[in-house]
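Note sheet for the following structure.
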Amino acid sequence: MQEVTIYSDGACKGNPGRGGWGAVLVAGASEKEMFGGEPNTTNNRMEMTAVIEALRALKRPCVVRVYTDSQYVQKGISEWLPGWKARGWKTADKKPVKNADLWQELDTLAQPHQISWHWVRGHNGHPGNERADALANRGVESIGR
């Protein structure tokens, strides 16, 4: 299976507010940059959308390393998701899972791949994360004011 590294980030001007997402996909010597935005969203939704759009771009099952500065994404997919699914998309205290639509989409898109999820400290000079951050900000700017 092909190995792919994904660096993802989300940004929001206001929370909720104008948001953007960015992702860098690296497979060997090939790289792809992606970004987009939404007019009324949250930082967590943009963090998730970055990974969703990156996984959507993969055309076949891959071994994937995802690097995100969002503990919400990293812990959500690695730790919390199985419990949410078992409880019918409810949290441990029986409340509806926030962003369940995106969690369900992310769960579906992750299935064909062997994914390892890695948290990196944001704005700490990590080159892949810095590129994803710049793309996410381009996504915000693409929405206008």
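Glycine residues also receive a Cβ, built from the backbone N, Cα and C atoms like all the rest.
According to Swiss-Prot:
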type	residues	note
BINDING	Asp9, Asp133	Mg(2+) 2 binding site
BINDING	Asp9, Glu47, Asp69	Mg(2+) 1 binding site
DOMAIN	1-141	domain 'RNase H type-1'
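Taking the features listed in Swiss-Prot, we show where each one sits on the structure.
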residue	record	DSSP (3 states)
Asp9	Mg(2+) 2 binding site	strand
Glu47	Mg(2+) 1 binding site	helix
Asp69	Mg(2+) 1 binding site	coil
Asp133	Mg(2+) 2 binding site	helix
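Separating the Cα atoms of Glu47 (Mg(2+) 1 binding site) and Asp133 (Mg(2+) 2 binding site) is a whole-number distance of 10 Å.
Straight-line distance linking the Cα atoms of Asp69 (Mg(2+) 1 binding site) and Asp9 (Mg(2+) 2 binding site), rounded to a whole number, equals 7 Å. Taking Cβ-Cβ distances under 8 Å and a sequence gap of 6 or more within the same chain, the neighbours of Asp133 (Mg(2+) 2 binding site) are Asp9, Ala11, Gly22, Asp69, Gly122, His123. When the neighbouring Cβ atoms lying within 10 Å are counted for each of the binding-site residues (Asp9, Glu47, Asp69), the highest count belongs to Asp9. Each of Ser8, Gly10, Ala11, Met46, Ala50, Thr68, Ser70, Val73, Gly122, Asn129, Ala132, Asp133, Ala136 belongs to the same chain as Asp9, Glu47, Asp69, is absent from that list, and has a C-beta within 8 angstroms of the C-beta centroid marking the Mg(2+) 1 site.
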